[in-house]
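First comes the structure, then the notes that go with it.
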């Protein structure tokens, strides 16, 4: 079981991930006319040289479809489950212990599945950055320093879900 501190961390991670998914990641699958924050996405592409968000390769398109269809509802579901777990843990009686265990077992399975999916998806993005990174404006190969800068934006979305594989 995750410690209470880890539970709080993941609770806020999932809450923060909701607007990121809606405003940034969805830009990969939505036509430009329907994007919710095109200026933010363009700023990110320009500032961080994120060629993947500009290029929108087919494999990334499908990963984002999975994120929107499965992960976004999961973020809402799991944050609610954390609140239920805490309510049982801190306000429940001794009789609540089996319910806490049962709730955690259900949460752990879905957290592992999310962690595996999200970390592998991000690993694929990191591989693309290092194997073929280029500057979106020119198409020239990206310098190692800029690949590292872009990677640092993606690495947390690899490591944080990866931890969940082992809950």
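Note that the numbers count up from 1, one per residue, in the order the chain is shown.
Positions of Cβ are set from backbone N, Cα and C atoms, glycine also.
A TrEMBL annotation is a machine prediction, not a hand-curated record.
Marked as domain 'EXPERA' by TrEMBL: 6-165.
For 12-34 (among others), the entry in TrEMBL reads transmembrane segment.
Sequence-distant neighbours of the transmembrane segment (59-78) (same chain, 6+ residues past either end, Cβ-Cβ under 8 Å): 10, 14-15, 17-18, 21-22, 25-26, 28-29, 52, 107, 110-111, 114, 117-118, 121, 124-125. Among the features that TrEMBL reports, transmembrane segment is placed at 59-78 (among others).
The transmembrane segment feature in TrEMBL is assigned to 111-130 (among others).
Residues or ranges marked as transmembrane segment by TrEMBL: 150-166 (among others).
This prediction places the mean pLDDT of the domain 'EXPERA' (6-165) at 97.
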